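Data block below; observations after.
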């Protein structure tokens with residue numbers, strides 16, 4: 001009895017212990033059975049935390065399914081967006097680098113131009129062109145005829161497309177450089193028709209064109225200055241005030257301020273935009289024969305028989321006086337703001353600096369002499385021209401030659417045959433050609449008459465060995 005009781009009691013205890021182990025929590029070290037209870041996972045849609053710095057995790061899939069999807073699709077939409085975004089950023093970076101290079105090039109170009117402008121303002125910029133010039137071929141020189149009497153003055157538009165010429169026949173002609181044809185003619189009037197004729201009725205001695213090509217100014221023996229619209233040759237204004245023939249005109253570069261010189265020994269300043277007179281300057285002791293200006297508020301004049309060259313400082317109302325020629329100074333031209341060239345009837349051509357009272361260099365009898373041995377006289381220098389900011393200048397006389405010179409060395413570069421009195425010379429802005437206004441008589445008188453000469457303008461091409469000029473500071 002007792003033994004059977006203990007056996008049953010022991011079996012009941014084992015059953016109870018087995019039940020407690022199945023229902024209770026699994027302790028550390030307990031070995032799990034076949035049936036395991038798993039905790040329910042929270043909903044990932046609401047409880048999963050996603051970092052903005054990384055790509056969202058793709059859902060967990062089996063290796064077999066994942067390998068199949070990778071084989072079927074190259075990239076996920078998120079990866080594609082990321083790739084396109086990186087590509088776009090690379091393109092932006094390349095464009096920024098390219099733009100930076102262009103800006104740097106443009107900045108260097110602007111800086112170079114500004115430096116050239118500063119040197120130009122100081123009169124220290126020089127284009128070394130003379131050494132590369134080739135003597136003009138006679139067969140390439142063109143003669144444009146249209147004036148009945150000697151041509152006295154010529155100007156060229158800043159774009160080198162048009163030439164304006166005036167003559168003792170009181171007419172003005174606008175020419176096309178490329179074709180050599182007349183674009184417009186302003187006929188001259190007879191003496192006594194001033195009241196009804198629109199234009200000049202006396203010999204035209206000088207002319208000037210504004211740097212923007214808007215205005216054309218002409219001056220005559222009747223003491224008049226006329227302003228024209230350069231594009232259409234329409235008459236705009238008439239300036240009166242000089243008491244003698246108007247012998248020199250020049251527009252200040254970049255403005256519509258006009259300087260005029262006269263045989264009445266005065267220099268006048270005009271504002272063409274306002275159709276107004278500004279002021280008068282006095283100083284010369286004889287008739288003024290030539291005038292020129294650039295961008296500074298100053299001009300230079302040749303004083304004829306008083307033997308002086310003067311630099312007029314308009315704002316300061318002062319003047320600088322220079323002596324050098326032995327005869328009448330008949331023409332003058334600025335090379336840059338600090339240097340100028342002049343010619344006289346003693347046959348000399350002189351190079352000047354505004355910082356010295358005497359010429360830097362002078363070529364005497366520049367165009368040779370004429371007459372018998374005992375009565376030999378130099379050919380008068382009737383006109384000079386300068387290629388701005390360069391080392392090249394030109395002079396003209398009545399020895400049937402236009403001569404090109406290299407500044408500072410008195411070196412004759414080339415001779416161009418032109419028959420007659422070379423009364424006016426002008427270089428084109430590009431330096432590709434030179435225009436000469438030629439006539440049978442001197443522009444200021446009738447001391448000689450060359451019957452074999454032809455009244456007209458010569459277009460002389462200037463060719464160079466190298467296409468690009470070299471820039472440097474002017475050294476004389």
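Every residue gets a Cβ built from N, Cα and C, even glycine.
Per TrEMBL, region 'Disordered' is recorded for 1-78.
When pLDDT values are averaged over the coiled coil (82-131), the model yields 73. Taken from TrEMBL, the feature coiled coil applies to 82-131.
For the repeat 'WD' (144-185), same-chain residues at least 6 beyond its ends with a Cβ under 8 Å from one of its own Cβ atoms are 199-209, 211-213, 216, 218, 220, 228, 230, 232-233, 420-421, 423-430, 432-433, 435-441, 443, 454-459. Positions annotated as repeat 'WD' by TrEMBL: 144-185 (among others).
Under the heading repeat 'WD', TrEMBL lists 197-238 (among others). Counted with DSSP, the repeat 'WD' (197-238) comes out as 0 helix, 22 strand, 20 coil.
Residues annotated as repeat 'WD' in TrEMBL: 239-280 (among others).
Across the repeat 'WD' (281-322), the DSSP tally of helix, strand and coil residues reads 0 helix, 23 strand, 19 coil. Residues or ranges marked as repeat 'WD' by TrEMBL: 281-322 (among others).
The repeat 'WD' annotation in TrEMBL covers 322-362 (among others).
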